[in-house]
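Asks: To start, I am sharing the structure in question, which I have written as structure tokens.
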């Protein structure tokens, strides 16, 4: 009976001591993995930051090419009264004097060319 107790006690002590070693080893391994993960995340973050900076550097160049005044202003559609001195008819339309209808309102309307 004593041999069984001694054997059981010996196995128990070995299991506890080896379990502690495995626990410490697992903790160290987890620390290494998290450090590697952090370095990978830092690398990915730096790469993304570089890409965003490149895109941001290109944006002012595109903005300078097209200023606010270079956009097409609102235009007047077909059959709408226009000003003879300042025709704002859309492209493909011309500010002309009407032939029959509209002669009693304004003197010029936008018509197709």
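Using N, Cα and C of the backbone, Cβ positions are placed for all residues, glycine too.
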Asks: Of the ranges 58-82, 83-107, which one does Swiss-Prot list as region 'Disordered'?
Replies: 58-82
Asks: So which of the disulfide-bonded residues is most packed in, judged by how many other Cβ atoms lie within 10 Å of its Cβ, out of 89, 95?
Replies: 89
Asks: Please name which of the disulfide-bonded residues listed here, 75, 90, 110, is nearest in space to residue 82 (disulfide bond), Cα against Cα.
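Replies: Closest by Cα: 110.
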Asks: Closest of the disulfide-bonded residues to residue 75 (disulfide bond), Cα to Cα, picking from 89, 95, 110?
Replies: 89
Asks: Validating a neighbour-count step here. Other CB atoms within 10 A of the CB of residue 82 (disulfide bond): how many?
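Replies: For residue 82 (disulfide bond), the count of other Cβ atoms within 10 Å is 22.
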